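Residues or ranges marked as transmembrane segment by TrEMBL: 37-56, 68-87, 93-113, 120-139, 145-162, 174-195, 207-225.
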Amino acid sequence: MVSPVTVVKSEGPKLVPFFKATCVYFVLWHPTSSPSWFSALIKCLPIFCLWVFLLAHGINFLIAHRSANRILAGLIFSSVGDAFLIWQEQGYFIHGLLMFAITHILYSSAFGMKPLDLKAGIVMVLISCSCYTFLYSYLSGPFTYLVAVYVALIGFMGWRAIAGVQLCNDLWTWTKLSACIGAMLFMVSDLTIAVNKFCFPVPYSHVIIMATYYAAQMLIALSAVESRDEEDFKKRN
């Protein structure tokens with residue numbers, strides 16, 4: 001297994017643009033700013049940098065590894081979803097919801113169905129049902145079923161990410177752990193969005209939502225590079 005130190009040395013420099021773009025977003029974002037293409041660009045820029053991060057590993061790598069190209073596709077749909085959510089008050093919230101639903105399907109496909117780990121699946125079903133039960137009384141109209149479908153999809157994605165870790169069997173890798181933590185942070189971000197939009201105002205909601213979201217996307221993008229790191233490690237040794 002490739003050591004975390006080796007990974008940091010090889011992948012860290014490629015993530016510098018992402019960290020810079022994230023800082024730019026938090027510096028330039030203002031809670032009272034009107035929706036604009038500029039604000040959409042600033043919001044999407046860190047995700048664009050994660051596109052570049054994966055593309056920097058080579059087109060052949062992305063073609064050869066299904067998980068990597070699925071995650072890249074998920075990042076692309078995430079960017080479109082981010083742009084839609086800039087104009088959510090103008091009626092584009094459902095469009096953004098759809099884009100992120102597709103993202104979770106792609107991430108689930110990237111994480112795969114092996115090992116199955118039914119215990120983790122049961123835990124995620126309980127968590128997902130608890131979250132939806134809490135939100136249900138605040139929902140109305142199409143959101144009653146749209147949110148249910150979305151919660152099911154992100155819960156499924158979380159299950160597949162957790163199942164891949166296998167800490168008890170000592171079969172985990174740093175990238176599988178990265179995917180797991182990323183999926184959990186994604187769920188925290190989306191739950192905060194739901195509570196803040198449908199239930200009641202969450203203090204510092206924007207900071208919580210975007211900080212966990214960007215961290216989640218970065219960790220999931222990192223989980224795609226395991227195969228490349230193992231190949232490079234073998235070549236050097």
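Backbone N, Cα and C atoms are what each Cβ position is placed from, and that goes for glycine too.
Bear in mind that TrEMBL entries carry predicted annotations, made automatically and left uncurated.
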Q. Most CB pairs under 8 Å with the transmembrane segment (145-162): which of 68-87, 93-113, 207-225?
A. 93-113
Q | Region pair the transmembrane segment (207-225) / the transmembrane segment (120-139), three or more CB pairs under 8 Å | A | no
